[in-house]
Amino acid sequence: MLSFLWDLASFIVALGVLITVHEFGHFWVARRCGVRVERFSIGFGKALWRRTDKLGTEYVIALIPLGGYVKMLDERAEPVVPELRHHAFNNKSVGQRAAIIAAGPVANFIFAIFAYWLVFIIGVPGVRPVVGEIAANSIAAEAQIAPGTELKAVDGIETPDWDAVRLQLVDKIGDESTTITVAPFGSDQRRDVKLDLRHWAFEPDKEDPVSSLGIRPRGPQIEPVLENVQPNSAASKAGLQAGDRIVKVDGQPLTQWVTFVMLVRDNPGKSLALEIERQGSPLSLTLIPESKPGNGKAIGFVGIEPKVIPLPDEYKVVRQYGPFNAIVEATDKTWQLMKLTVSMLGKLITGDVKLNNLSGPISIAKGAGMTAELGVVYYLPFLALISVNLGIINLFPLPVLDGGHLLFLAIEKIKGGPVSERVQDFCYRIGSILLVLLMGLALFNDFSRL
């Protein structure tokens, strides 16, 4: 319950910030163009708070925080007294109206740059993209990428950490190949390797793009040595103690902790013959994992924690810049996100990315809660990502969105007169139906992931 409330609160904060930024873009440019703004509302429904300024603009925070709007004086909506007609939105030039409409998405992009600017000043912790293991018969194995290799760039774009690698790989969905620049860790002897992506079975909502290529990142080492044994657990009942090293399971040598975890998970209630080493002496024990529910079937659980050797400092990286360099890096990062968002939306249309990858408010709320819990340097990039997506989607030439309004203005500029009210009304209805269908699909995907 606490987790749900945290996710909800983080989601409401994120939504409130991004909607305010978007609507403020419309509001600010409208004021600069001499348009009278009658209401600036964050949310819909019953007003929880309201205030009116000296220019007559009413500011509102409403009950339902799922959107917002800026209401401008407009003769098409209501009669306007003659002395105020020059302040009406519909009486402004096509260029001014286009600027007002485009200002919302532009504000979202500027906010993303600002968020990344703050993050790069604070410092972004990351891990150098050094390969730990390569899965047999994988795409990475076929390209002869070896453990200990550092991934320096993807198609010429530098990748200082694993997050940068993932961002570039996601953009390669549907491509036939990509070129990765690699070098032995600690060396500048670079070479290019080509990955064949024609049979790359990667689904963004189900797996990590790096692991889908058969690459396991170099991370903290987990040894088959027990750090802690929970009281009254299956491990405690079997006689296991902190400091024990598990040597064999059912006669098979154990070299990786993950192998032991899988054996325990797959054998609830079944006996596992262990050979361990305790203070240099061999010892044989029988372990019977307890059963607990998980993903529709029973899984084994024994109540132990392994010894973890932290990642050495030379594998860690912190991206931190001064105020001016941070602006350059933040702008570049935002531009990369904008290109990725457009690319992914295009691939959704062409079918290279499946529609079940669409995410709705539940997935966004989970992301908000998770990143907020990790800290500000993770929450701000999340806000930047959603802000960029909000800006790009609003520019789609779909009636009811900013892009649809811009399309009507472009037609008006070309033909020398506005699109008829009848045509606009019909297009708004079609656009609303399409938007509701997309939102329904996104919600369906969200619930199917629960």
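Including glycine, each Cβ sits where the backbone N, Cα and C put it.
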With the domain names in Swiss-Prot as our guide, do A102 and S236 land on the same side of the membrane?
no
Per DSSP, what is the residue tally for the domain 'PDZ 1' (127-220) in helix, strand and coil?
17 helix, 31 strand, 46 coil
Near E23 (active site), how many other Cβ atoms are within 10 Å of its Cβ?
20
For the transmembrane segment (376-396), which stretch among 1-21, 104-124, 430-450 has the most Cβ pairs under 8 A?
104-124
Would you report the average pLDDT that the model assigns to the topological domain 'Periplasmic' (397-429)?
87
In the same chain, who gets a Cβ under 8 Å from the topological domain 'Periplasmic' (397-429) while lying at least 6 residues past its ends?
76, 94, 97-98, 101-102, 104-105, 435
How many other Cβ atoms are found within 10 Å of the Cβ atom of H26 (Zn(2+) binding site), counting all protein chains shown?
26
